[in-house]
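S.K.: OK, Swiss-Prot features for this one:
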| type | residues | note |
| --- | --- | --- |
| BINDING | Gly177, Gly182, Ile197, Phe198, Asp199, Gln200, Glu201, Leu202 | S-adenosyl-L-methionine binding site |
| SITE | Arg62 | site 'Interaction with substrate rRNA' |
| SITE | Asp64 | site 'Stabilizes Arg-62' |
| SITE | Arg103 | site 'Interaction with substrate rRNA' |
| SITE | Lys106 | site 'Interaction with substrate rRNA' |
| SITE | Arg110 | site 'Interaction with substrate rRNA' |
Amino acid sequence: MLHLVIADAELETIPEEMQADPAIRRFAKKRNKRVDRMILDSNYMHTSIDRYFPNESKRRGRPDIIYLLLEMTQESILNHKNQLRTYVHTRNNQVIRISPITRMPKSYNRFIGLFEDLFEKRIITNNGKELLSMEESSLGDLINSIRRDRTILLHPKGEMRKPSEFISNANILIVIGGFSEGDFISDTSFINERYAIFDQELTIWSVANEMVANYERAVGLT
């Protein structure tokens, strides 16, 4: 089993500091949504994010990169064979568990609506089957709750290795940063296996794709 943990993901509802912002309120009215139930999205709110969080404006509000990653993982051969578990840990220490049977909406706007429902309801079901669930948890507590043989952190400052050199057919937990720039907010010092897979910056979904594809080969699926 491969456990993919997307850590410190920039997926959150509108922070309290921003909820009175006129541009945010206009956008909420346009969508017929309560401000505090909308997901922060820099595609539409970059100017407001830059106003309230000037040092983080290039990082925060990136649900789009989580969407692209989940589109790939949930449609992978590994997931179809029930050998992949994906978890999204957010910057606010919320953990989203993605059921293997869950398929992401093909529309980004529908994805946003789905996850806004999740933030409000904490669980999404279909015909009695759980698709998504959310709980409060730190990264460390999440990792400790998962049975695995090895824990690996992917980090630009890690040892440079090809994925095929460190991925085996064991129960592996791999931590990938859920942000577009910067470093982890959560403590990751307890993870000793640290690797970089390329000498240039990669998107988080391309990194996840490399992990999934190499694990598929390790277990003989491809």
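Glycine residues also receive a Cβ, built from the backbone N, Cα and C atoms like all the rest.
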S.K.: If you measure from the C-alpha of Arg110 (site 'Interaction with substrate rRNA'), which of the binding-site residues Gly182, Ile197, Phe198, Asp199, Gln200, Leu202 fall inside 10 Å?
M.R.: none
S.K.: The record lists Gly177, Gly182, Ile197, Phe198, Asp199, Gln200, Glu201, Leu202 as binding S-adenosyl-L-methionine. What's the largest Cα to Cα distance among them, in Å, rounded to a whole number?
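M.R.: Farthest-apart Cα atoms in Gly177, Gly182, Ile197, Phe198, Asp199, Gln200, Glu201, Leu202 are separated by 17 Å.
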S.K.: Using DSSP and collapsing to three states, where does Arg110 (site 'Interaction with substrate rRNA') fall: helix, strand or coil?
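M.R.: In three-state terms, Arg110 (site 'Interaction with substrate rRNA') counts as helix.
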S.K.: Let's check the environment of Arg110 (site 'Interaction with substrate rRNA'): how many other CB atoms sit within 10 Å of its CB?
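M.R.: Neighbour count, Cβ to Cβ under the 10 Å cut-off: 12.
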S.K.: Using Cα-Cα distances with a 10 Å cut-off, which of the recorded sites Arg62, Asp64, Arg103, Lys106 are near Phe198 (S-adenosyl-L-methionine binding site)?
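M.R.: The recorded sites passing the 10 Å Cα test: none.
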S.K.: Whole-number answer please: how many Å between the C-alpha atoms of Lys106 (site 'Interaction with substrate rRNA') and Gln200 (S-adenosyl-L-methionine binding site)?
M.R.: 29
S.K.: Measuring Cα to Cα, how many angstrom lie between Ile197 (S-adenosyl-L-methionine binding site) and Arg103 (site 'Interaction with substrate rRNA')?
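M.R.: Checking the Cα atoms of Ile197 (S-adenosyl-L-methionine binding site) and Arg103 (site 'Interaction with substrate rRNA') gives a distance of 28 Å.
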S.K.: Measuring CA to CA, name the entry from the recorded sites Arg62, Asp64, Arg103 that ends up nearest Gly182 (S-adenosyl-L-methionine binding site).
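M.R.: Looking at Cα distances from Gly182 (S-adenosyl-L-methionine binding site), the smallest one goes to Arg62.
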S.K.: For a quick check of packing: other C-beta atoms within 10 Å of the C-beta of Lys106 (site 'Interaction with substrate rRNA'), how many?
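M.R.: Excluding its own Cβ, the number within 10 Å is 8.
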S.K.: Of all the recorded sites here, Arg62, Arg103, which one's CB has the most other CB atoms within 10 A?
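M.R.: Counting Cβ neighbours within 10 Å, the top one is Arg62.
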S.K.: Expressed to the nearest Å, what is the distance separating Gln200 (S-adenosyl-L-methionine binding site) and Arg62 (site 'Interaction with substrate rRNA') at their Cα atoms?
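M.R.: Counting only the Cα atoms, the answer is 21 Å.
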